[in-house]
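Only one structure is covered here, and it is reproduced in the block below.
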Amino acid sequence: MFRNQYDNDVTVWSPQGRIHQIEYAMEAVKQGSATVGLKSKTHAVLVALKRAQSELAAHQKKILHVDNHIGISIAGLTADARLLCNFMRQECLDSRFVFDRPLPVSRLVSLIGSKTQIPTQRYGRRPYGVGLLIAGYDDMGPHIFQTCPSANYFDCRAMSIGARSQSARTYLERHMSEFMECNLNELVKHGLRALRETLPAEQDLTTKNVSIGIVGKDLEFTIHDDDDVSPFLEGLEERPQRKAQPAQPADEPAEKADEPMEH
């Protein structure tokens, strides 16, 4: 993207009806590591790929606990995600204190949409550079919601965001009809297979780079990290590797040089 006179501030429209600062914030989501969310009739699952800033650093958390019935996975700026997560936790606490009941998932997502819309319309503010996948369970059943820096939010059956997430979405679209009838173990495996599609061929999922969040009927939101992920990875079939091209024998004569073209 190249700078122009219409991307100096979020309140400036381009002649094409676009707000470039919001589009730039959407690009920040694509820079984050991939995360996948999907649901069945009884459960909602988040699967995220963790990154380490260097070999000396620990892997960053990608799935955050919000309330007993809600959790989120993030792609984009971690600092922005932390602020939004604290806001969501406060709203859930307020609902339990004032109304003595858990906050419905759709209501919480609506509040997030309203909060993230404010910096897209006020001078001197910047949009939140993070996308969220929100998994929850309430009286209406399991939910997977996606939120964007543009303040849009979507109710999804399955979704993936982050770097190389198109490969994961292709897998989800191909197997979407199977998700609703899956048990919990099968649903997690589908999420892991989709997440694995975002990795280069020479890499694979391990207990160090995968985090899993699960919520469902009679099951509070639980995050599985490190050794807790092992039972799910053990049942996952080995990733098919790309076929190696056979090496050309050393004693094989070189190809003849192209003859000059006739004029």
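Positions of Cβ are set from backbone N, Cα and C atoms, glycine also.
All protein chains considered, the CB of Ser110 (phosphoserine) has 13 other CB atoms within 10 Å. Ser110 (phosphoserine) falls within a helix when secondary structure is assigned with DSSP. Annotated phosphoserine per Swiss-Prot: Ser110 (among others), in sequence order, evidence recorded as similarity to another entry.
The O-linked glycosylation site feature in Swiss-Prot is assigned to Ser110.
If you look up Swiss-Prot, you'll see Lys115 (among others) marked as ubiquitin cross-link. Counting only same-chain residues six or more apart in sequence, the Cβ atoms lying under 8 angstroms from the Cβ of Lys115 (ubiquitin cross-link) belong to Leu84, Phe87.
Classification of Ser177 (phosphoserine) by DSSP places it within a helix. Swiss-Prot lists Ser177 (among others) with the feature phosphoserine, giving similarity to another entry as the kind of evidence.
Annotated ubiquitin cross-link per Swiss-Prot: Lys208 (among others), in sequence order. In sequence order, Lys50, His59, Asp226 are the residues near Lys208 (ubiquitin cross-link), counting only same-chain partners six or more apart with C-beta under 8 A. For the recorded site, Lys208 (ubiquitin cross-link), the DSSP three-state label reads coil.
Under the heading region 'Disordered', Swiss-Prot lists 230-263.
What Swiss-Prot lists as compositional bias 'Basic and acidic residues' is 253-263.
Cα to Cα, Ser177 (phosphoserine) and Ser110 (phosphoserine) are separated by 27 Å.
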